[in-house]
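S.K.: One structure, as structure tokens, below. Some questions next.
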Amino acid sequence: MTCQVKVLPSGHSFGVEAHETILEAALRQSVGLPYGCRDGACGACKGKVVEGEVEHGGAQDKALSAADRAQGMALFCCAKPKGDLTIEAREVAGVGDIQIKTLPCRVEKIDKIHDVAVLKLKLPVSERLQFKAGQYIDILMKDGKKRSFSIANAPHDDAFIELHIRHQPGGSFSDYVFNTMKEKEIMRFKGPLGSFFLREDSDKPIIMVASGTGFAPIKGIIEHAIHQGITRPIVFYWGARTPADLYLAEMAGQWQAQHTNITFIPVVSDALPEHNWQGRTGFVHQAVLDDFDSLAGYQVYACGAPVMVEAAHTAFIGERSLPADEFFSDAFFLSKDMGSASK
Ligand code: FES
């Protein structure tokens, strides 16, 4: 049975087949619902069911609380309709227009910087991946599992797809990348995915907050903004445990040196005396709170560890008056499939 879903306020409608989630059906029919993990963990796809009923599927309590359910909220990446529905969701221009493809790619280069592998993937000559800076891809493993990684380059610079993979000893895929993977190896991936990208219809100043390899999509977005000649002020906070974990700090420093609208603020949480760290210390979201009395006129893009993204979301909106719809995030959740941090 096909259920019809109407989206408010746009008035768009689409059909959902029995095997599909609401998000899967929307994307298949080019309706741009926002989303991130597709795993019921991040809450990026949360919206209201105004009329009709859904099965909540694998929605996780941290992303959809009992109070949310009582108010008629649902995670559209997990929810399946029980009949025709009317939902309320803020559609994202661009998400539904880009074709999601499954493609082969070749590992062209593996550079190891500190404990991060920078992979450059090459597509077949006849293929191109259209994507927005900040989106991610799923690497499809031979055993049917998948692993999500943010694209670290911008679309104008698409000779390769660049991924940043932190080595997590015991993490099966990152162990494989660090110990076994060879250049020229062939892999398959699906993408582009996600709605973490720059909202270019705004002229608000931007705060970007990354932890660890959350730097990767931010790099893509900033390179895109530079290429587009976007002059909105951008303050980029990058947090890590030690100075060495800021594995491409020099690159971020160059953005600041070469573009008057870009400011780079590295923040280290566990600096030791031998690190001789002269910069900011503490948690990265706290550095933003220390610097801004109000975020009422800003857009915020946050990417990295869920604990950071959640702390930033709560504090920026609750304590600094950031409008809730001006906070965009991509949190690197544990993947159910892999048992290790995703992206
Ligand atoms: S919870 Fe649905 S996309 Fe993350």
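From the backbone N, Cα and C atoms, a Cβ is placed for every residue, glycine too.
Keep in mind it's a predicted model, so treat the numbers as computed, not measured.
So TrEMBL says this about it:
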type	residues	note
DOMAIN	3-93	domain '2Fe-2S ferredoxin-type'
DOMAIN	100-199	domain 'FAD-binding FR-type'
S.K.: Report the mean pLDDT of the predicted model across the domain 'FAD-binding FR-type' (100-199), rounded to a whole number.
M.R.: 94
S.K.: Tell me the residue counts in helix, strand and coil for the domain 'FAD-binding FR-type' (100-199), as DSSP assigns them.
M.R.: 8 helix, 44 strand, 48 coil
